[in-house]
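Okay, so here's the structure we're looking at.
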Amino acid sequence: MTKMIVGLGNPGDKYEKTKHNMGFMALDLLANELNVDFKEEKPFMSLVASTFVNGEKLFLVKPLTFMNESGRAVAPLLKYYNIDEADLTVMHDDLDSPVGRVRLRQKGSSGGQNGIKSVITHVGSQTFNRVKIGIGRPKHGMTVVNHVLSGFDNEDKEIAQDGIFKAVDAMKFYLENGDFQKTMNKFN
């Protein structure tokens, strides 16, 4: 069985440390721990790394389409590698959770997250795993766009980093046992 873990974010130095790039940050850490490097796959508008974990093929994917068009990269990769959407996990930022809180879900709506909305639209299914990493709500007077495209202030940086570590620990646990429900039970 082949699995794919996608980290959502925006490409480019300008966005590298923004809240919206929590998925990219978590996937970068996971790739580092698995000792794999990303290579650009231009036809798929993505950075892709691949390896084997417990004898199963694993693809790590960072779409280069910008957040709101992530599905345009993810759907063709699933089709090309013949991966079922149930074996897809998407890591992303979550406005509705406090900074650093990690929540795992097996299916559901986008919850207003435009990258997830794009994946649902292009994949044609809501039945894929999600790892939501909390970034909190905007402070009074700040727009959602400005909030997600800003970095973490000093008091939240460490908490956000802890969330990234927890998300990666959850993914390593999932890759070891292959059971997302069991992973949810342990990490939610």
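Here, residue 1 is simply the first one shown, and the rest follow in order.
A Cβ is built for glycine as well, from the same backbone N, Cα and C atoms used for every other residue.
The annotation in Swiss-Prot ties Tyr15, Phe66, Asn68 to tRNA, and of the candidates under consideration, Asn32, Asn35, Asn114, the one tied to the same site is Asn114.
Within 10 Å (C-alpha to C-alpha) of Asp93 (site 'Stabilizes the basic form of H active site to accept a proton') lies none of the recorded positions Asn10, Tyr15, Phe66, Asn68. Highest Cβ count within 10 Å among the recorded positions Asn10, Asn68, Asn114: Asn10. If you take the C-beta of His20 (active site, proton acceptor) and look for same-chain residues 6 or more apart in sequence within under 8 angstroms, you find Leu8, Gly9, Asn10, Met67, Asp93, Ile135, Val148, Leu149.
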